[in-house]
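J.: So TrEMBL says this about it:
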DOMAIN    178-312  domain 'SLC41A/MgtE integral membrane'
DOMAIN    397-540  domain 'SLC41A/MgtE integral membrane'
TRANSMEM  134-159  transmembrane segment
TRANSMEM  165-184  transmembrane segment
TRANSMEM  219-243  transmembrane segment
TRANSMEM  255-281  transmembrane segment
TRANSMEM  293-319  transmembrane segment
TRANSMEM  325-347  transmembrane segment
TRANSMEM  359-379  transmembrane segment
TRANSMEM  456-475  transmembrane segment
TRANSMEM  482-504  transmembrane segment
TRANSMEM  524-548  transmembrane segment
């Protein structure tokens, strides 16, 4: 091994790491110790292959034992490292430090602040995090937020245009899949962005080979998840179709729903993965915080791309709907996806983090899909009800859902990153740690480093939505403008949605961390799907209240 590093195991023993083996190093007096040379703190157990500064050849130290990548690859250590490391921490045993200078090791044993910070989301002194000014933070978040909003406006206008097309009229259950597949972008691409952003911030992209391995395995993982979610979304739509038609099922409609959902989900995932990877690498290259920009910029094209692909494949398969070849397109497409599925599984199992998500990350995605599908039921019901006051609701549905989802994903991603930096291992928390806080603590507490971001995100809701409403009123065919009453009700509903989502994000992210779950892969699916359901429900309520208390003109564009 070309580089020798020193490891302090937290119990008074100092070791030299060389070739994946440890050997004792002579002790140094405490007076010579200093904090200035701390290199890094051990990473989370499911990212055991991360390259650590000062340790050559990818070796690292877990619980005081040096482990090489060769030993990690067989899976025997990883299969038990996640629970064992959490149990190690819960038992109060000292953590492992990797340091470049042996003189600091004795000092670490006497520093109570390093093993477990006591402030909520407090970042240790040995972690070098670029401080963000309010202006820089505002610019990094607001510009991608605007770009994402314009994409959602385009998606809303597209949805309003296609709602009268033959395929959407004859198979109205496609509307049920719209929130589910738009939510797929949030559930998969935003979690991808959050995972990659965390890797950037904790140094996981410093080694080029390691970086591309992480990226490749995450792309393969998203293909597996997209296939599963697309299939489940179609099954939910088929179930609703059977309920709405008294249990009768038409094979043509079933094939159309299956093919459209699965093929659209996988196709969208490939394109959006590429965009997300480019954004994260761009942010890293120009020293921007990817937590602030990755998810909103991907959302700028995400909604309209997802909806456009869904419309395109539904029309393509519908073109043969009345012929005897109606099954050819969907069956051939799904067969190709099924053939590639084993390859994607094999690739994503080569990386510890993606392997863990592949085995244990289905529950958040599936539950999120079901929650998003419930918002699809609301949308399908109000659109097919024939009531005139719901006529223009599809224009605004992707907007309110998408804006809420993008805002809360930024906050959840930032909280997850700070938790990784402060407490290192999911499940490791300081004494008195609590995940349930009052709203004022989530938005105003000085000890909560992300409260400032929560306030900033709340302040973006009104100016952002006013811009988007103006664009909609200008771009919508035959528009006569948006009334002040409608704008007021819409903004109130949007503020309620974002406030609830940000508060829940603070509680949920800390809760899953305390339960030893990785928030990067767990919280965003729940939050974005909750945003879909809450946004669609509040929007329908707003339209109904306007109808009950105002003139018809307040509901029309």
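For all residues, glycine too, the Cβ spot is worked out from N, Cα and C.
Map these features onto the structure and tell me what's around them.
T.: Packing against the transmembrane segment (165-184) from elsewhere in the chain are residues 155, 159, 226, 229-230, 233-234, 236-238, 240-241, 244, 253, 256-257, 260-261, 264-265, 268-269, 302-303, 306-307, 310-311, 314-315, 318, 321, 368-369, 372-373, 375-377, 379-380, 383-384, 397-398, 401-402, 405, 528-529, 532, 536: each is 6 or more residues past its ends and has a CB under 8 Å from a CB in it.
Listed as Cβ neighbours of the transmembrane segment (219-243) (distance under 8 Å, sequence separation of 6 or more from its ends, same chain) are residues 171, 173-174, 176-177, 180-181, 184, 187-189, 192, 249, 253-254, 257-258, 260-266, 268-270, 273, 277, 337, 340-341, 343-345, 347-348, 354, 357-358, 361-362, 365-366, 369-370, 373, 376-377, 380.
Tertiary neighbourhood of the transmembrane segment (255-281): same-chain residues 167, 171, 173-174, 177, 180-181, 184-185, 188-189, 192-193, 196-197, 200, 215, 218-219, 222-223, 225-227, 229-231, 233-234, 237-238, 241, 290, 293-294, 297-298, 301-302, 305-306, 309-310, 313-314, 317-318, 321, 326-327, 329-331, 333-334, 337, selected by CB-CB distance under 8 Å and a gap of 6+ residues from either end.
With a threshold of 8 Å between CB atoms, the same-chain residues lying at least 6 positions outside the transmembrane segment (293-319) that come near it are 140-141, 144-145, 147-148, 150-152, 154-155, 158-159, 162, 165-168, 171, 174, 177-178, 181-182, 184-186, 189-190, 193-194, 196-197, 255-256, 259-260, 263-264, 267-268, 271-272, 275-276, 279-280, 283, 326, 329-330, 398, 402, 405-406, 409-410, 413.
Here the transmembrane segment (359-379) has long-range neighbours at 175-180, 182-184, 187-188, 225, 228-229, 232-233, 236-237, 240, 393-394, 397, 401, 521-523, 525-526, 528-530, 532-533, 535-537, 540, meaning same-chain residues at least 6 beyond its ends whose C-beta is under 8 angstroms from one of its own.
Residues of the same chain lying 6 or more positions beyond the ends of the transmembrane segment (524-548) and with a Cβ under 8 Å from any Cβ of it are 179, 182-183, 186-187, 190-191, 194, 364-365, 367-372, 374-375, 378-379, 382, 389-390, 393, 396-397, 400-401, 404-405, 408-409, 412-413, 485-486, 489-490, 492-494, 496-497, 500-501, 504-505, 508, 554-555.
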J.: Which residues, given as numbers and ranges, are at least 6 beyond the ends of the transmembrane segment (482-504) yet have a Cβ under 8 Å from it?
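T.: Contacts with the transmembrane segment (482-504): 396, 400, 403-404, 407-408, 411, 439, 442-443, 454, 457-458, 461-462, 465-466, 469-470, 472-473, 527, 530-531, 534-535, 538-539, 541-542, 545-546, 550, 553-555, 557.
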